[in-house]
């Protein structure tokens, strides 16, 4: 009952039903957790994998293999059609708030991208919170990506200079953070990713009061408070500071001018402000809260807050945003920073879209037709690499 689904959302009735299901799963998980039977997150993972994840037979024209790259589990999707020369590649990181999600949860998406764009896709099963905190997830993504780059041509007939990285939601966060990490190193032993594909990315935890956070704070399947929860789970699991983070009390006074320059609503297109915003009260800086979440303001967790010198070194970028998504402005503001630095950016905005759409691609009764638009826009971009 606390959800707010605007009339403009595609398949709004079905989204309301799916949201109710997810809330029910979370409540049952909380009850089991309090009874000492199992952790809430463990129950949610089990239920989604058992009842809400559809694994279909592998289609003709595709070969799928489960492997490990330097001890990180991956699933490789290889087109079996004849290819003149070497193929392009995509290393994909699933979303799920660094807590949920799996290789299986994006299986249909990766199959579709691989087959329709004639691309070898590597889906990475990185470690998750709360069992593993930052930087374990990013480290796993780097390990798997570098392994693939080192063997791409010899073992998979893929041109290592045409390998992109990408993901959805927090997976897109990992892709953007990885591109920046590799840009900082520039060791020259391996080629850098040729592009980053960012599907409704989470890119900063400095400001949870951007217009999209205000306008979409209760739009399923990602509420404003839940995004702060995921960031804190990624970092330390200390939920005592969640309200302070939402209010902005975690940002030091000396950092505010720089962040305000990058995160100002004036950097957004006028249409992003049509649904209205309000001026948030000036936060009161709390040093204790800052030290609890300090790593969250570093570029490896908040890529949108990186210095110009690093962003200049990142590859061409594809950014997809959804109108009814708290993370809409993260993607649009990152696009603005890239364009200001004269970087190559392709932007796709889904006017009736909501967060998490790719999770409902070809998932039987859970399928949302609008998810096809998202995945096909990724396919179209990959074909240009």
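Just so it is clear, glycine is given a Cβ too, placed from its N, Cα and C backbone atoms.
Annotations in TrEMBL come from automatic prediction, not curation.
These features come from TrEMBL:
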DOMAIN    90-237  domain 'Alpha/beta hydrolase fold-3'
ACT_SITE  169  active site
DOMAIN    298-358  domain 'Alpha/beta hydrolase fold-3'
ACT_SITE  325  active site
ACT_SITE  355  active site
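Long-range neighbours of residue 325 (active site) (same chain, six or more residues apart, CB within less than 8 Å of its CB): 200, 212, 216, 219, 222, 353, 354, 355.
Here the domain 'Alpha/beta hydrolase fold-3' (298-358) has, by DSSP, the following mix of helix, strand and coil residues: 22 helix, 18 strand, 21 coil. Counted with DSSP, the domain 'Alpha/beta hydrolase fold-3' (90-237) comes out as 68 helix, 25 strand, 55 coil. Cβ neighbours of residue 169 (active site) (same chain, under 8 Å, six or more residues apart in sequence): 95, 96, 97, 199, 200, 201, 202, 222, 327, 355, 356. Over the domain 'Alpha/beta hydrolase fold-3' (90-237) the predicted model carries a mean pLDDT of 96.
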